[in-house]
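First the structure, in the form of structure tokens, and then the observations on it.
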Amino acid sequence: MDSITSAASVVAAGLAVGLAAIGPGIGQGSASQGAVEGIARQPEAEGKIRGTLLLSLAFMESLTIYGLVVALVLLFANPFA
């Protein structure tokens with residue numbers, strides 16, 4: 001593998017992880033904000049809100065994990081080699 005392809009793969013891996021973390025990070029923050037506001041307004045619905053929040057946070061976090069998988073593929077199993 002030539003040096004330009006290697007350097008581009010490393011840059012792309014960094015961008016994959018970085019950009020894959022921005023969207024879910026913002027989404028998790030706003031989802032948590034909504035859950036806290038909902039629990040503050042209706043404390044009796046705390047269990048249902050918390051369960052829904054945890055499930056949605058797991059789905060959002062999976063997007064970041066997909067970015068990490070793409071970065072690992074670019075670094076260790078480079079399809080452009």
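Cβ coordinates come from backbone N, Cα and C, glycine included.
The annotation transmembrane segment is assigned in Swiss-Prot to 7-27 (among others) on the grounds of sequence analysis.
The transmembrane segment annotation in Swiss-Prot covers 57-77 (among others).
If you look up Swiss-Prot, you'll see Glu61 marked as site 'Reversibly protonated during proton transport'. Under the DSSP three-state reduction, Glu61 (site 'Reversibly protonated during proton transport') is assigned to helix. Residues near Glu61 (site 'Reversibly protonated during proton transport') in space but far in sequence (CB under 8 A, at least 6 apart, same chain), listed by position: Pro24, Gln28.
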Handout entry: Contacting positions for the transmembrane segment (57-77) when only residues 6+ beyond its ends and CB under 8 Å are counted
Key = 9-10, 12-14, 16-17, 19-21, 23-25, 27-28, 31-32
